[in-house]
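Per Swiss-Prot, the features are as follows:
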BINDING   Gly38, Tyr39, Ser40, Gly41, Ala42, Gly43, Lys44, Ser45  ATP binding site
DOMAIN    2-241  domain 'ABC transporter'
Amino acid sequence: MIELHQVSKSFNVNGKTVEAVKNVSITVEKGEIFGVVGYSGAGKSTLVRCINLLERPDAGQVVIDGKNLSTLSSKELRVARRKIGMIFQGYNLLKTATVYDNIAKPLKLEGVPKNEIETRVNKYLSIVGLEDKRNNYPSQLSGGQKQRVAIARALAHEPEILLSDEATSALDPETTEAILQLLLKINAELGITIFLITHELDVIQRICDRVAVMENGHLVEQGTVLDIFTKAKHATTKRFVGSEASFDIPQDLLEKYVATGKLVSLHFIGDEADEPALALVSRKFDVLPSILAGGIDHLKNGTLGKLLVHLKGDEVEYSKAISYLKESGVVVEEVELL
């Protein structure tokens, strides 16, 4: 559906060349929700704008449904872009137009027949839950409602792909969750492929199938959300995951536990979260486990339990216990203090 092949993009800033995106390659399957996460300045926004050629890459290829967008004529590109909707952090609504007209006007400019415009606007206002706001103006809406209008406007062109550029970053947590649930609904019911960028790992965790991590214009790691959370390899990815999974235990207390045993981070994936593997460790081996902290993350396709555990016992028994946990499907990582 979306193929990025060695895409690069640079800008001239005060006489200096700034490489915003450097040789990025990503493939997104039809119907997938794919996320790109990174800190500010990583190149995320530039990358997402390369997909519909709002930013034309200096090098590489952007291929949508087998078509290299860079080789299309202006007319062909306009047609191709109709299948790529986009939502932004800043809504970009017309202040003097009603909700209905904000959705309808782009369709009028596209030459869509009047009766078809009416049908589409009503359909997508219903999908985003704003049927009763059709005659309201943007100033009368909350931030979440404005974003819903922006989503309806993007959907009214009936795209196959929806690009999301930090669409939830200006919203409060409750509204963010509502928008994420709406995106999941759109993906499931309409079959639309979603490509989103964010600096919030929680957004990735809640709705994405796969994720790529960017730093300084480079793609440093990509994989399933589960793999990124449990088997992160790159330092930047580990910082993201580490900040998300932090239990905020005082350093002096952790040092006390390390002095008397081993500290391990355990991840229980899916059904393994319900298995008593840790409870059986003390029965099978001469080690004493103490749970210091824990929690459960709800991913798009399952659950991920996480525990910080102190294991007290000799080295041989400790090794046996760790092997048993791994064989039981638990992801185990020894915690090293700074």
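Every residue gets a Cβ built from N, Cα and C, even glycine.
Annotated features taken from Swiss-Prot, shown on the structure.
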residue : record           : Cβ neighbours (10 Å)
Gly38   : ATP binding site : 25
Tyr39   : ATP binding site : 14
Ser40   : ATP binding site : 7
Gly41   : ATP binding site : 13
Ala42   : ATP binding site : 24
Gly43   : ATP binding site : 24
Lys44   : ATP binding site : 25
Ser45   : ATP binding site : 21
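Ser45 (ATP binding site) carries a helical DSSP state (H, G or I). Sitting within 8 Å of the Cβ centre of Gly38, Tyr39, Ser40, Gly41, Ala42, Gly43, Lys44, Ser45, and not among those site residues for ATP, are the Cβ atoms of His199, Met214, Glu215.
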